[in-house]
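A quick write-up on the structure given underneath.
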Amino acid sequence: MAAFPLATAEVCDANSHLITNGELRALHPSFQIYGRRQVFSGPIVTLKVFEDNVLVREFLEEKGNGRVLVVDGGGSMRCAILGGNPVQQAQNNGWAGIIINGCIRDVDEINGCDIGVRALASHPMKANKKGIGEKHVPVNVAGTRIYDGEWLYADMDGILVSRASKLHVAFDTSTSPR
């Protein structure tokens, strides 16, 4: 399980230079929070699909090793591309989190899993099963270009993407009491 002890807001405050040069990016705040793990981070694996969840399921059947699956589902609100069974499998396989630019279903089941899930909304209709999509390609999600191998950091305040696996916050100790 990947741990991220710093708040995303603190990271942004302390790293304005990384934001300015594009090395640290915040996703637009368009996601709902699901799953029991509200804070998570890890290296990103990207996937681009549209109203089809075969490749999503295939990825989550693999060992996660603390990674985060970022799925560009085209922002579709017509069906769910992630459900409870694959999320349980992702939890059991050691994935840290899943970001879905689209919809999920089986919300009660997902909320019982110890994994972080972010999605635009929930929808009761299931996805197609054609296996069409692109793995390990750059994706555009919530106003941000995301690349396979970058790092994702999520908490209750939002989602950050960075090329760096470790982000630091420098605290000003000059005004702290001794």
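Even glycines carry a Cβ here, placed using N, Cα and C.
Database features (TrEMBL):
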{"type": "BINDING", "residues": "G83, G84, N85, P86, R105", "note": "substrate binding site"}
{"type": "BINDING", "residues": "D106", "note": "Mg(2+) binding site"}
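Summary of the substrate site environment: with the site residues G83, G84, N85, P86, R105 set aside, the chain residues having Cβ atoms within 8 Å of the Cβ mean position are A80, L82, V87, Q88, I104, D106, E109, I110. A 10 Å cutoff on Cβ-Cβ distances gives G84 (substrate binding site) a total of 17 other Cβ atoms nearby, all chains included.
Note on the binding-site residues G83, N85, R105, D106: the fewest other CB atoms within 10 A surround the CB of N85. Cα of G84 (substrate binding site) to Cα of the residue listed as 'Mg(2+) binding site': a distance of 5 Å.
Residue density at P86 (substrate binding site): 24 other Cβ atoms are found within 10 A of its Cβ, drawing on all protein chains shown. When the alpha carbons of G83 (substrate binding site) and D106 (Mg(2+) binding site) are compared, the span between them is 5 angstrom.
Our reading of the substrate binding annotation (G83, G84, N85, P86, R105) yields a largest Cα to Cα distance of 11 angstrom. Residue pair N85 (substrate binding site) / D106 (Mg(2+) binding site) shows a Cα separation of 9 Å. On the backbone, the CA of P86 (substrate binding site) and the CA of the residue listed as 'Mg(2+) binding site' stand 10 Å apart.
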